[in-house]
Amino acid sequence: MPLRPHIGLGFPAHAYQKRHVEPHDRSTGYQPKVRITDRYRIIGFISSGTYGRVYKAVGRNGKPVGEFAIKKFKPDKEGEQISYTGISQSAIREMSLCSELHHINVIRLCEIVLEDKCIFMVFEYAEHDLLQIIHHHTQQPRHPIPPATIKSIMFQLLNGCQYLHINWVLHRDLKPANIMVTSSGEVKIGDLGLARRFDKPLHSLFSGDKVVVTIWYRAPELILGSYHYTPAIDMWAVGCIFAELLSLRPIFKGEEAKMDSKKTVPFRRNQMQKIIEIMGVPTKDKWPLLSTMPEYNQLNTLANSMASSHHNHHSHHHPHHHHGHYGSRNPPPPGGSNLEKWYYSTINHTSAPGGTPPLASLGSEGYKLLAGLLEYDPSKRLTAAQALQSPFFSTGDRVSANCFEGCKNEYPCRRVSQDDNDIRTSSLPGTKRSGLPDDSLIRPAKRQKE
């Protein structure tokens, strides 16, 4: 039976927002002769990945109105021979889900064009993403993201997650690079290539697409081999993103373990170690189902080796405390956590001696929200709906729908290359462009006037 996009997913009516439908939005049925370049003028090339390439475009003669990001899926390629074997699972999932999802905090799919066996997905354009914004703040002089901006980003991100989860959709790959921000400060969850429905039984993360996703944002239950997905995996990632907005670096920066020849997934020992260094060793008291995890024995081995190396270190050195800005290299005592220490050393950090720490106003409510999102036991971890009710958002400054409101920072625009802006004839991507954040940035002053 041929694969068919999962259209008409029967989402609850309350989940839809009323939205203004432009005349060009109204479906006129399948139009095989509409060419992508008849509808859009390509401004330039943005980036490429395993799926294909992304271009920036505007509507021809101002219709459709606005700027767009066009994602071109490449056909399957065997050697130099292009074989039209169909569409990847990832592309079908992204198309079917995006066609159904309509929310201010989820990137909007405007249309899908099929031309010469290539698929073009046309999305609304976002000038920034969180990776780019975080990177901008790490440039000298290093300066924290303003508290009001962090609050607004977190509220909008949680709002988008709540909408996905109400509609039985797991994103599964939330990370700063996939969280888009428009020039008007609207936060939009993007890249639903790994997203999937969870209202029916699922296979393990690795039994479908063998995709390597960044493991820094991966929930502990997945590292410990859980076969069951819940929206809690997305909430752990949101907690990691919150921590990164505060400290401007990934909180759990582990190393990717290599798959073996049998395509089995090794235990991500190093990633688990990074989590334990800040969160402590998980215990059955706090996480009753812990002992049912497939990698439970591996966890015990890791915890024992960390404890013995910590003991050896202290038997040869005078006891001393690490009050480093980014948490301790030593594991906390059994059942204990360094997260509170990590949080307060981060928000109370100031570059100017005697100055007021810029993030101090986030206070204890920020810690409670972070700790609730980074809860080991997925059944106790905050849901998006619970997190939105956090006093973190109702105390202090009003949360703005524009995360740049009152912001003095001018963020660089997304870099658009003119070298390869022929969307129809461009070669298929041979190599992925460098993933460094500054690869897609240019200073505002150098921005080309359109």
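Every residue, even glycine, has its Cβ placed from backbone N, Cα and C.
As the structure is a computational prediction, the values presented were derived from the model and not from experiment.
Here's what Swiss-Prot has on this protein:
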{"type": "ACT_SITE", "residues": "Asp173", "note": "active site, proton acceptor"}
{"type": "BINDING", "residues": "Ile46, Ser47, Ser48, Gly49, Thr50, Tyr51, Gly52, Arg53, Val54, Lys71", "note": "ATP binding site"}
{"type": "COMPBIAS", "residues": "310-326", "note": "compositional bias 'Basic residues'"}
{"type": "REGION", "residues": "307-341", "note": "region 'Disordered'"}
{"type": "REGION", "residues": "418-450", "note": "region 'Disordered'"}
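The two recorded residues, Ser48 (ATP binding site) and the residue listed as 'active site, proton acceptor', show a Cα separation of 18 Å. The CA atom of Asp173 (active site, proton acceptor) is located 18 Å away from the CA atom of Gly52 (ATP binding site). Of all the binding-site residues listed here (Ile46, Val54), the one with the fewest other CB atoms within 10 A of its own CB is Val54. Cβ neighbours within 10 Å of Asp173 (active site, proton acceptor), excluding its own Cβ and spanning all shown chains: 20.
Summarising the environment of Gly52 (ATP binding site), the number of other Cβ atoms within 10 Å of its Cβ, over all protein chains shown, is 20. The secondary structure of Ile46 (ATP binding site), as reduced to three states from DSSP, is extended strand.
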